[in-house]
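Trainee: Annotations per TrEMBL:
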- 19-103: domain 'Apple' (DOMAIN)
- 107-184: domain 'Kringle' (DOMAIN)
- 188-266: domain 'Kringle' (DOMAIN)
- 189-266: disulfide bond (DISULFID)
- 210-249: disulfide bond (DISULFID)
- 238-261: disulfide bond (DISULFID)
- 282-361: domain 'Kringle' (DOMAIN)
- 304-343: disulfide bond (DISULFID)
- 332-355: disulfide bond (DISULFID)
- 369-448: domain 'Kringle' (DOMAIN)
């Protein structure tokens, strides 16, 4: 008994789906405006959606490009040319996108180049091509038609020759010759891992056509072009937005999500000639991707794992694959664009950690302005965060939906993408960021001279407080612990169910833990254990602004330090990983949570 006929039909339709937009190269916010004497050649097609407009153009021999306008009304305008100053000129138009057929604008070929429709008309040795309609100086049997593309004397490949596009020459002694038009995979080569690749390969190494980055079918994904404007996610061209070994793309095959692309590597550049001016050794700029110093342990003194080792942690960052990332020895590096330099640690129970002891370079964090008190009245024009990320405009909703905007806070002067403090945050002016992974951050602005820096503990009302319930006890191991319960404690586990860090529930859907538990990690599963835990009463050794010093619990990085206040248990600290803990006279450092309650509330409200 085979599958139901309807199921077979469904699978067939899925595999055969192809977006007609794949034939086109998009120019956002552009319009192809014809010259006045041939404007009558523009064909207006009202009431078509984008794919219908593309499909009609793909099937028409008279259409080489189209303008798709969304305002004041939706309209589809078919054009018989691509950008050509003689016939039409490209102009800015925020309400219009220009789509040109790839075969007419691409300067390279895919495969044998049978669909090449470019305007090269000289051969590889520099000979001028003979007109296809002419039989002199060389007689031939090819006849130009509307479908075979044998226009004027342009190089073509009407017979599918393996050498690619060719032409008859105007030299009586040379009948025909190849035009030597490059393969797209060779036209633009890649250096390092191809993160800067901006070529026009649109097929994978196995020949599968790529899915457009601006579409969510057949595969849903996070790499929408508007959310990653610096990644050049154009059309369906191969790119490397996630620090993979080579450029790749999602495929149009519903059964194959993504594949690598076959793009030529650039010739090896001698080490001594490589550009090293951007490398830093004593500090880091931006996210530290160019840091090449020799710090090789975490902030808490845990030695880093060597990059060429797979123990105690297996990982994909092999030095020979990521050859330009400086993965030498066990030095802190940032091969994947994380927040700052990091490393895999030598501690089996802690996979990665940020190397936060490396200072940010002074010229990278120097404040461009200052603010008074908490900066609620700041009206300057600084528009970057303390990490150098450009701010998102307050009146747009990409990459982040703004819950605080000019409509909700009309008195806060939320103009352009300037840093502001509309909610009176004690940490100063902030903004939504253009980094899709970071919703908001504080700005590169300092308190003005003479202002007292003060991170006071805020009075923020929450709906519930920590309570313990009587429940059956079961013995678990903890240093000098006794059976107890801590229902707000969470176990953070990987996909295999292995515990790697602790955390604390601060609301029904919110867990707080230490940043080191998440740096460079893939998707993680958060489990709420209902974990009777062994607990320990700990003497408070000292207190400073921003952190608490106390005795730590073995392997509970990110876990809570809870103190009883009347009938409520209060989360006072979050454990930071250290080299050793649970040993007499060796206290650990906890993040002092009370300093950040307004930040915690802001994150919860913005979600």
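Cβ from N, Cα, C; glycine included.
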Trainee: At a 10 A cut-off on CB-CB distances, which of the disulfide-bonded residues 304, 332 has the highest count?
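Mentor: When each Cβ's neighbours within 10 Å are tallied, 332 tops the list.
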Trainee: Nearest to residue 210 (disulfide bond) by Cα distance: which of the disulfide-bonded residues 189, 238, 343 is it?
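Mentor: The smallest Cα gap between residue 210 (disulfide bond) and any of the disulfide-bonded residues is with 238.
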Trainee: Could you tell me the C-alpha distance between residue 238 (disulfide bond) and residue 343 (disulfide bond) in angstrom, no decimals?
Mentor: 29
Trainee: Against the domain 'Kringle' (369-448), which of these stretches has the most C-beta pairs under 8 Å: 19-103, 107-184, 188-266, 282-361?
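Mentor: Comparing 19-103, 107-184, 188-266, 282-361 against the domain 'Kringle' (369-448), the winner is 188-266.
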Trainee: Please work out the number of neighbouring Cβ atoms within 10 Å of the Cβ of residue 355 (disulfide bond), leaving out its own Cβ.
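Mentor: I get 24 for this one.
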Trainee: Measuring Cα to Cα, how far is residue 189 (disulfide bond) from residue 355 (disulfide bond) in Å?
Mentor: 34
Trainee: Rounded to an integer, what is the Cα-Cα distance in Å between residue 304 (disulfide bond) and residue 355 (disulfide bond)?
Mentor: 10
Trainee: Spatially speaking, which of the disulfide-bonded residues 261, 266, 343 is closest to residue 249 (disulfide bond)? Use C-alpha to C-alpha, please.
Mentor: 261
Trainee: Using a Cβ-Cβ cut-off under 8 angstroms and a sequence gap of six or more, which residues of the chain neighbour residue 261 (disulfide bond)?
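Mentor: Listed in sequence order, they are 185, 201, 203, 204, 205, 210, 238, 246, 247, 248, 249.
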Trainee: Taking only the Cα atoms, work out how far residue 266 (disulfide bond) lies from residue 343 (disulfide bond), in Å, as a whole number.
Mentor: 29
Trainee: In angstrom units, rounded to an integer, how far apart are the Cα atoms of residue 355 (disulfide bond) and residue 343 (disulfide bond)?
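Mentor: Cα to Cα, residue 355 (disulfide bond) and residue 343 (disulfide bond) are separated by 7 Å.
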Trainee: Across the domain 'Kringle' (188-266), what are the DSSP residue counts per state (helix, strand, coil)?
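Mentor: Each residue of the domain 'Kringle' (188-266) counted once, the result is 3 helix, 13 strand, 63 coil.
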Trainee: About how far apart, in whole Å, are the alpha carbons (Cα) of residue 332 (disulfide bond) and residue 343 (disulfide bond)?
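Mentor: About 5 Å separates the two Cα atoms.
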Trainee: Across all protein chains in the structure, which of the disulfide-bonded residues 249, 266 has the highest Cβ count within 10 Å?
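Mentor: Comparing the disulfide-bonded residues 249, 266, the most crowded Cβ belongs to 249.
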Trainee: Judged by the number of other CB atoms within 10 angstroms, which among 189, 238 is the least packed of the disulfide-bonded residues?
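Mentor: Taking 189, 238 as the disulfide-bonded residues, the minimal 10 Å Cβ count falls on 189.
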Trainee: In sequence order, which same-chain residues at least six apart have a C-beta under 8 angstroms from residue 343 (disulfide bond)?
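Mentor: Listed in sequence order, they are 296, 298, 304, 305, 330, 331, 332, 333, 352, 353, 355.
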